[in-house]
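Participant: Below you will find the structure I want to go over with you.
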Amino acid sequence: MADLLRLLLRVAEKAANVARLCRQEAPLFQLLVQEKTGEDKNKKFVQDFKTLADVVIQEMIRHDVRVQFPEMAGFIHGEESNMFENGLGESVTVTVCSTEEETAKLLATVLDGDQTAASLLARAIHQDPATIEVSTDSLTVPLKPSELGIWIDPIDATSQYIKGREEVLEEGRLFPSGLHCALVLIGVYLRSTGEPVMGVINQPFNNKDPADRGWRGKHYWGVSCGSINICSESRPRNRSEGQRGLSMVLSSSEKQAVKEALTSVCGPDKLVYASGAGYKILCVIQGLADAYVLSEGSTFKWDSCAPHALLRALGGGVVDLAMSLQQSDSGAQDPSTELTYHLPRTDRKGAERWANHGGLVAYRDSSQLRSIIGALKGKL
Ligand code: 2IP
Ligand code: CA
């Protein structure tokens, strides 16, 4: 498990490099933002570039995991399909090749022959990232790669990544929107039960280096398996909720009925809004909010798997909201309400097979979860 964690941290760092590169390098940046200009053909091509950045990152992660852990090959899933159509309507399957030159050649076919952009991307894909120092020596989890599967969200909150707004806030405040909300998410689950057992999150745009004004990233990780619970973040202290009420982070598109029901357990001004499903769970991990409530089935397994593993390592979790609301008020939360990651919904098609249909609640503290479920019962 320590080997897998080290690999995922490295590959997530490479993914963050690609994400930063696409915004830093003029030939790539132009492709990313020139959305509404140019000819029709061009327009389509440029819109597709956003997806290409996602696909390239996902395939790079898939490639690197496969090379080191071939037994995981059939169990590395992601948000994107690697079938890609270029501006001329040609279908190309994007894969990462064994050499930088081959990858550049393949990418050039998707990028309609743009060699500069293709070479820049290929270099980032094949470059070794800076070494990440984590002490994983004590990590002797009795799990074999052949028992595990992976969910990849190459860039969560893509719309914030494209818009690229740079918010400046005091330390310890959550970012309602902007580049900070864009995250690389890699979650590992147990094939037999679907439990999330390891998560790596990389935030490519965490802070700016005062010397060169370039963005620096930050990574977070957690492992939760039986009695082994280790997280890069320490468990934030719970504030005395009796006096101040809980704080909750929601999607800006959350239903009015949910907001109203939550005011009974939230302190004044304690309902806050942020972009990105992964980022909202990260806010709960960091203690910037006590919980994230979502009443719609608008998130997917790739959004929640990685941050779910970190929350479990901190003693919390992510439950299916609809299922939790159906439970009797017998006190303890039924563990079967926790989201799992191994089974698709057979009655749905495409991405919907992997949606978290019942909505969700991400929490750190199970007694707080009970208050939240209590407040929402009968109100939705
Ligand atoms: C999205 C992204 C959105 C989120 C949505 C996710 O993933 O995180 O921001 O909506 O649920 O599926 P909201 O911000 O309203 O919570 P992606 O950007 O990868 O499509
Ligand atoms: Ca996502």
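Including glycine, each Cβ sits where the backbone N, Cα and C put it.
It should be emphasised that the depicted structure is a prediction, and the values quoted were computed from it without experimental measurement.
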Participant: GLU79, ASP153, ILE155, ASP156 bind Mg(2+) in TrEMBL, but which of ASP290, ASP303, ASP320 does that record place at the same site?
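Facilitator: Record check against TrEMBL: Mg(2+) site with GLU79, ASP153, ILE155, ASP156, extra candidate from ASP290, ASP303, ASP320 is ASP303.
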Participant: Around the Mg(2+) site recorded as GLU79, ASP153, ILE155, ASP156, ASP303, what other same-chain residues have a C-beta within 8 angstroms of the site's C-beta center?
Facilitator: ASP54, ILE152, PRO154, ALA157, THR158, LEU183, LEU185, ALA277, GLY278, PHE300, TRP302
Participant: Report the same-chain neighbours of GLU79 (Mg(2+) binding site): residues 6+ apart in sequence with Cβ closer than 8 Å to its Cβ, ordered by sequence.
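Facilitator: Result: ASP54, GLN58, ILE152, ASP153, PRO154, PHE300, TRP302, ALA351.
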Participant: Work out the three-state DSSP category of ASP153 (Mg(2+) binding site).
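Facilitator: Where ASP153 (Mg(2+) binding site) sits, the three-state DSSP reduction gives strand.
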Participant: Would you mind sorting out which binding-site residues among ASP153, ILE155, ASP303 put a C-beta under 6 angstroms from ligand 2?
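Facilitator: Correct list: ASP153, ASP303.
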Participant: 10 Å Cβ neighbour count around ASP156 (Mg(2+) binding site)?
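Facilitator: ASP156 (Mg(2+) binding site) is surrounded by 30 other Cβ atoms within 10 Å.
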Participant: Can you tell me how many other Cβ atoms are located within 10 Å of the Cβ belonging to ASP303 (Mg(2+) binding site)?
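Facilitator: So the number of other Cβ atoms within 10 Å of ASP303 (Mg(2+) binding site) is 29.
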